[in-house]
Amino acid sequence: MKKPFLSLWIAYIIGIYLDYNYDIQEDTYIYLLGMIGAAFLGARILLNKTLYTLVLMLSLLMGGLFFNTDYMHGREDGFGEDVEIEVKVLRQKISDEEYERYIVEDLENREKLALTFYENIGLNVGDVLNASGELKAIGESRNPKLFSSRDYYRSLYVYGNMVASAKDIEVIEKGSLNYVERASLKFRNYVEKVLESSVSSEYQGILKSMVLGDSGYIEELSLERIRDLGLGHMIAVSGLHIGIVFGALFHCFRSLLEFHKRLAEFMGIALIWVYIALIGSPVSSIRAGIMISLLILSKLLHRRRDALNTVAFAGLSMLVAKPLWALSLGYQLSFAGVIALSVFRGKKLKSLFGIFLGLLPLNMYYFNTIPLVSLFTNLAVAPLLSLALLLSFGLLSLYGLSASLALLFGGIIDMIMASSSWIMDILESQHNPIYAKSPELLAMMVFYIILLVLAEIIDVERFGRKTMTVFVSYTVLSAGIMLSTPVEQSYISFIDVGQGDCAHIEVSGKNYMVDSGGSVYSDYDVGEHVVYPYLLKHGVDELDGFIVSHFDADHMKGFLYVMDHIEVKEIIIGYESPENELYLELLEKANANGTRVSVVENVEELRLDAENRMVFIPPKESDLKAGENNSSLVVLLESYGNTALFTGDIESEREMGLSELGLIRDVDMIKVPHHGSATSSTERFLEAVNPEIAIFQVGKNSFGHPNKDVLNRYDKLGSEIYRNDESGMVKLTLGRDMIEVWEYLEKKPGILESVLRHRWKLTATAIQSIIWIWMIYDVKRRAKNREEQLEDLDWTTESF
């Protein structure tokens, strides 16, 4: 094999992907590993290809097993309880407006935890303390594609979070540091001191971040700006940084100290690893360190270096050591960029475009942008920032030796940073962000496969004519089946917004929202952190309608943020409430944005198409006098023979009125009134609506929602019960006389079950990938034939 480590790395990553997404038990891995071991013994008499296939299978299984072991590692009990433990601070505070958080080590169990305070504490790295407080499991994302705190902290090998206060801790020892930790802290303090005394304050943050690989020195808005302009790699210690440091060190040892070339290289490599240790060994720096070490080693051994194989070796070795780094955004971005650079080597523009393509799926998935501006910023700004970085290292070296030189370096750095900031301002003013939905992981894999085909890393000609014929036949057959089967489905996603209501309806090519959640007693903005990111990541850039059940904060406060970021064609309400501040703010934003506000005064029907309609049932005068809850606008969705009822916070009095009205009978799904409160879901009402599916939009609360008696009523009725606090987001697919329910936090499915469930999506992906690969193959084949014809023509001409 020309690139053995590439194949092994891909197999290892596939094993991690399968374990992360599917239910595979640890004993299954052990059983399969045993089978492969036995197969190895028998394969010694077979061909080498058989042995290599077994090696790939072994790599795949090891990836899944190692990932599974590390992900499920950590304490299995104690969560939700008050505990007292002795810990050592490993990382200084991660600050937010509401809390301080430290990464600590539990000295008894030797595992990392997060230690959170909702007040200013001011601990330092190395402090040892007794801490008592509630130990919590780190929460996972409760809605698809949104940020997962659990995965983020797992990538740091942090397995729990303790919440404490100042009175709950007792500092036993200050600054208990080993040699490496003490050196790292001194280096960080030295960098901060030098840059603060030599460089203008407006540039200190980004320079500290570039030297130390820590984005915590940059304000959030500035950090977003840097990422939007495609310069995020400049604040991560990557190959660029390591190359600059190594080049400077090598030049110093070789030219100034006149070391032998090999000694200069080894000294440079040794100090590179010292630098990586001093800045805390971020993932991207380790990758760069491994690669430059292998480069020097290949020169020493007089071996030709294969860039892509070297990248794969670094990636594989890092995941074998730390499998959970696969969840790290730093790992993913670092390797996607360097792979693209290895594949699209050549002129500057070609390399830049290759890096853009390599990072495109990750930029879309995590940041929901297509950063075309990065092509310009990396041409105009990145070289200036690289020069500023080089001079910053020079400044750090000269600071204690010559004050005048240090002052000169600081002034030059200021001018360079001012120039780069000026260019960034110009590009930003001319740049309109291109937003994109987060692609599916399968689509991202297909994209990278196509890139590898384009770069001729994957040679489609090796598959042979028969294999390609089978693929194309399968594609044509599947396409015929899919095209002849019209998609008659609508979707209702009950987004988990905690204690509140929020539903996204996709029907007849339109997007509607019923309520949007919102925090009642805190400043946490559900619209900013949940609802808008959810819409953005699912490709919803405009809403045809926002339906407000009533003006309680936990039903519509989140939408105020959403209105500032996406277009809303119409707001539909059941009554006006001029004394309600949230209503007035909603009205003000609607007027400012030119959004139509429609007040439903009588029962109205919104016909979407022949198969889909909404019926709006507004409150009566008597309901309005009964308070906000009974004033809720009730919505009945009828879609492909199914009925779904949205009830807001109606209570028993309003339920009686709806029952007497006679419009609602035997619904397929009900959004349970008032989060399952004891004042709602009366027996008479449930007998009338008789729902097959009951959705409780409820989170952690002090109101006793959902009430046990209410739960029992639905249970006795035979309704399938789903709760956001247990299932995360709940999504309903409404087809012709059928409803499928999907719970985001349900137990991971088996592989076969998932293939059967998503067979059409898999088929569509296969069709797309095969068509693209076939087109690439056909273009390459035609180009090759033209070259052969020209060669024949030249030979014929020469012979005459």
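Every residue gets a Cβ built from N, Cα and C, even glycine.
The stretch that TrEMBL tags with transmembrane segment, taken from the ranges 470-487, 758-775, is 470-487. Mean pLDDT, taken over the domain 'Metallo-beta-lactamase' (499-700), works out to 94 on the 0 to 100 scale.
Taking pairs at least six residues apart, the transmembrane segment (231-250) and the transmembrane segment (364-391) share three or more Cβ pairs below 8 Å and count as touching. Within the chain, the transmembrane segment (324-344) has long-range Cβ neighbours (under 8 A, six or more residues past its boundaries) at 13, 16, 67, 70-71, 151-152, 154-155, 157, 232-233, 236, 238-239, 282-284, 287-288, 291, 307-308, 311, 314-315, 318, 350-351, 353-359, 361-362, 366, 451-452, 455, 457.
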